[in-house]
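Chemist: Straight out of TrEMBL:
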TRANSMEM  12-34  transmembrane segment
TRANSMEM  54-76  transmembrane segment
TRANSMEM  97-115  transmembrane segment
TRANSMEM  121-140  transmembrane segment
TRANSMEM  152-171  transmembrane segment
TRANSMEM  177-194  transmembrane segment
TRANSMEM  215-239  transmembrane segment
TRANSMEM  259-276  transmembrane segment
TRANSMEM  288-311  transmembrane segment
TRANSMEM  323-342  transmembrane segment
Amino acid sequence: MNASGAVPKSKPLWRNPLALVLISAAITGLYKTMDNYASRNIFTTLDSNVTATFAYLVVGAWVGLLLCFFVFAPFLGKFIDPMYTGLVLKGFPFHKYAAITGVTSAGSTFFFLWGNHYADPSVVVALANLTILYTAMFEYFRRKGKNKNGMLRWVLLVTLGGLAVAYQGEGGAVKDWWYGLLLVGFASSLLDGINQVYEKYNADSGSPEDTNNRIDVVTFFFWRFFYLTLTSTIVTFLYLVKTQDYVGFISSVESATPMIVFVVVTMVLVFVAISFRIKAKQDMSPTVVVAVLTVQVVIASILTLVVNSISPGLLGEVVFDPWVWATRVVGVLCIAIGAYVLQRRYLNN
């Protein structure tokens, strides 16, 4: 009861920070599986996977930015963050962090989409799980070594679990697996680790009660996506000038035109998943949030098996070796145990 004698309204259970991250993880597993499908079957070229990846990156970025401005912010803004009152410009410190997260997200997304050409979603999403290792490292140095005692062992457990889930076996496409590890496990995850930590600066900008200083999640998402779109467009232009592959780029965009609704749905899921993730960081550290987000590995694995049973090969070559899947089950258990301990012991900032 507050000073006026009124009983404060309690938050719905789904707005609990852990619930927000779990919802974000489930949606992320879904949209990343959809990304894999789009990379393989919608944005296609005869010659270059890189050109096709740039085509998907730019189209997705512009679709997402326009949707955010005309649909997400005005119609879903209050649902995502009750403190949202409208998009505002903000000052330099805000844009510095929005730009850092936007630029690193553009790079991370590019390498993730490129990696989709070399493995099915269960493997690619598991390799992206290495983000937790980089996030923990960046957060450790950001705090100048003042990390929680014992957190590293659980971070390593989740990381090893992700590698186990990504295991292809000797009969798998080993060469492609190494490409995936380089593109997703290293390049994409490294950039995403930077993004995850700098998103926290927005979440730390103020409490829900401190309306004068607080930056709402929707405004941050919009400007973050603005810088992502700007970066994607500039880099794609430079790539096309360098390679002169205008025909391949246009062909890839044209091949995707009939499936633009698929891209729109994907971007809706991206908006909800990332907004919930950033919102949760008001109460949880980046490392713990990323640890819980590894639930997406389970979601992507289930979806991969379901889709492959309906349409074999649609998401690439799926390995069915019993030993491979036994290893992956062990990996899932490691992820579950590590994520559970991290969120229980280190929930707070």
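Every residue, even glycine, has its Cβ placed from backbone N, Cα and C.
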Chemist: Contact between the transmembrane segment (259-276) and the transmembrane segment (12-34) is defined here as three or more C-beta pairs under 8 Å separated by at least 6 residues; is that satisfied?
Modeler: yes
Chemist: Grab the same-chain neighbours of the transmembrane segment (323-342) for me: Cβ-Cβ under 8 Å, and only residues 6 or more beyond its ends, written as numbers and ranges.
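Modeler: For the transmembrane segment (323-342), the nonlocal Cβ contacts are 122, 126, 129, 151, 154-155, 157-158, 160-169, 172, 287-288, 291-292, 294-295, 297-298, 301.
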Chemist: Does the transmembrane segment (259-276) come near the transmembrane segment (54-76), with 3+ Cβ pairs under 8 Å (pairs 6 or more apart)?
Modeler: yes
Chemist: Assess whether the transmembrane segment (54-76) lies in contact with the transmembrane segment (288-311), where contact requires at least three Cβ pairs under 8 Å among residues 6 or more apart in sequence.
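Modeler: Answer no: the transmembrane segment (54-76) and the transmembrane segment (288-311) share fewer than 3 Cβ pairs below 8 Å.
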Chemist: Count the Cβ pairs between the transmembrane segment (97-115) and the transmembrane segment (215-239) that lie under 8 angstroms and are 6 or more residues apart in sequence, then report whether there are at least 3.
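Modeler: Touching, yes - the transmembrane segment (97-115) and the transmembrane segment (215-239) meet the threshold of 3 or more Cβ pairs under 8 Å.
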Chemist: Which sequence positions outside the transmembrane segment (215-239), separated from its termini by at least 6 residues, show Cβ-Cβ distances below 8 Å to it?
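Modeler: Beyond its ends, the transmembrane segment (215-239) has Cβ neighbours at 50-51, 54, 57-58, 61-62, 64-65, 68-69, 72-73, 76-77, 80-81, 83-85, 87-88, 90, 94-95, 98-99, 101-103, 105-107, 109-110, 199, 202, 205-206, 249, 271, 274-275, 278-279.
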Chemist: What else in the chain is close to the transmembrane segment (288-311), if you only count residues 6 or more beyond its ends and a Cβ gap under 8 Å?
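Modeler: Contacts with the transmembrane segment (288-311): 18, 21-22, 24-26, 28-30, 32-33, 37, 120-122, 124-126, 129, 131-132, 135, 154-155, 158, 161-162, 165, 196, 277, 280-281, 318, 328, 331-332, 335, 338-339, 342-343, 346-347.
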